[in-house]
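Contents: one structure, followed by commentary.
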Amino acid sequence: MASLLGRSPSSILTCPRISSPSSTSSMSHLCFGPEKLSGRIQFNPKKNRSRYHVSVMNVATEINSVEQAKKIDSKESARPVYPFAAIVGQDEMKLCLLLNVIDPKIGGVMIMGDRGTGKSTTVRSLVDLLPEITVVSGDPYNSDPRDPECMGKEVREKVQKGEELSVIETKINMVDLPLGATEDRVCGTIDIEKALTEGVKAFEPGLLAKANRGILYVDEVNLLDDHLVDVLLDSAASGWNTVEREGISISHPARFILIGSGNPEEGELRPQLLDRFGMHAQVGTVRDAELRVKIVEERARFDSNPKEFRETYQEEQLKLQEQITTARSNLSAVQIDQDLKVKISKVCAELDVDGLRGDMVINRAARALAALQGRDQVTAEDVGIVIPNCLRHRLRKDPLESMDSGILVTEKFYEVFT
């Protein structure tokens, strides 16, 4: 077990890729390839959600070439993003982000650290590594033409009627939530006057609708109003956003990867809110002089010629993107032994972690890490790497304890696993 601490997260990010499984491997709801869909589609109703499930036949979708061309033009004119592969250091933060991309059900990541340590740059660079998804053209919810759990109401009605859906391929959205955003801007608004006079539910979608099947990033989340944080975390956990005004209720899909960042010197999040983030990454200022020089020089190169700088890292970016895509495909095949599950729960119990979220997140993160490394079996080493990030923010604060919570988690891990 002594080898666990001898392996840095950077070695994980550069591990060899494995070949993709059969071409029929399923992908998660964030990744679909361009294709025509036809034939029978059958979805079974679920408890308390039957109105969002449909059963139809002979539904076909076709790629809209005009919309596709517009997307390509907008992509080329977009502001260049710093390459993820070019970010120096901060391996813990990068690993947490990658694991959430592989398995969005981990529950997002909270990144806390000093000012100017690359938190926002790293998060925004993540969008380049994500595959394109198929969405219904003109739909404000980025509806998935094949999954009713990710469909808006209008799209579901079209599917039920057997109408064709015009679809396009687009990059996954990275939605920024500003600190000054109101609840109506985040959740959406209902036009009460139109509802009363015309008898229709006039709904103006908010940021949660735009973030569906994408990433919602909240910078300085520790300064955001508590009630907005509650709304975000509830939507992220349930996958749905419900807006209720004057007796009118509207729900729409809101499945997104929630990423928050902040500086602990400016304020802490409530423990109840911290617990809702799947993982927690701590980012520190680089102290090595040579490494600091390298970071400054790389940033200067990017600022002077972003296009040329991005081309330098294009091959590494493509390799990492393929590795992520393969890991997402293989995730469902990754197994974790019962003995490891018991030991994980024992660590959580002995650390007096409230609830069971910690247990579930560790299991998911360890499986995602194994998939990233190209394996179908979780090892104790995988658990040892991810467990500090999964439990650090869930421990009860002791004002007399000066030791980092992550170290306490690691010590307990060795005690249980050896």
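A Cβ is built for glycine as well, from the same backbone N, Cα and C atoms used for every other residue.
Annotation source Swiss-Prot lists ATP binding site at Gly113, Asp114, Arg115, Gly116, Thr117, Gly118, Lys119, Ser120. As annotated by Swiss-Prot, disulfide bond applies to Cys96-Cys187, Cys348-Cys390. What Swiss-Prot records for Val56 is N-acetylvaline, and it gives a large-scale study or a structure entry as the kind of evidence. Taken from Swiss-Prot, the feature transit peptide covers 1-55, and the record attributes it to a large-scale study or a structure entry.
Distribution of Swiss-Prot features across the structure.
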{"residue": "Cys96", "record": "disulfide bond", "DSSP (3 states)": "helix"}
{"residue": "Gly113", "record": "ATP binding site", "DSSP (3 states)": "strand"}
{"residue": "Gly118", "record": "ATP binding site", "DSSP (3 states)": "coil"}
{"residue": "Cys187", "record": "disulfide bond", "DSSP (3 states)": "helix"}
{"residue": "Cys348", "record": "disulfide bond", "DSSP (3 states)": "helix"}
{"residue": "Cys390", "record": "disulfide bond", "DSSP (3 states)": "helix"}
Could you work out which of the binding-site residues (Thr117, Ser120) has its C-beta surrounded by the smallest number of other C-beta atoms within 10 A?
Ser120
Least buried by Cβ count (within 10 Å) of the binding-site residues Gly113, Gly116, Gly118:
Gly116
Based on Cα distances to Cys96 (disulfide bond), point out the closest of the recorded positions Arg115, Cys348, Cys390.
Cys390
State the Cα to Cα distance, in Å, between Gly118 (ATP binding site) and Cys348 (disulfide bond), rounded to an integer.
31
If you count, for each of the disulfide-bonded residues Cys187, Cys390, the other Cβ atoms lying within 10 Å of its Cβ, which residue has the minimum?
Cys187
Please report the number of other Cβ atoms within 10 Å of the Cβ of Lys119 (ATP binding site).
25
With an 8 Å cut-off on Cβ-Cβ distance and a minimum sequence separation of at least 6, pull the same-chain contacts of Asp114 (ATP binding site), or say none.
Asn263, Val283, Gly284, Thr285
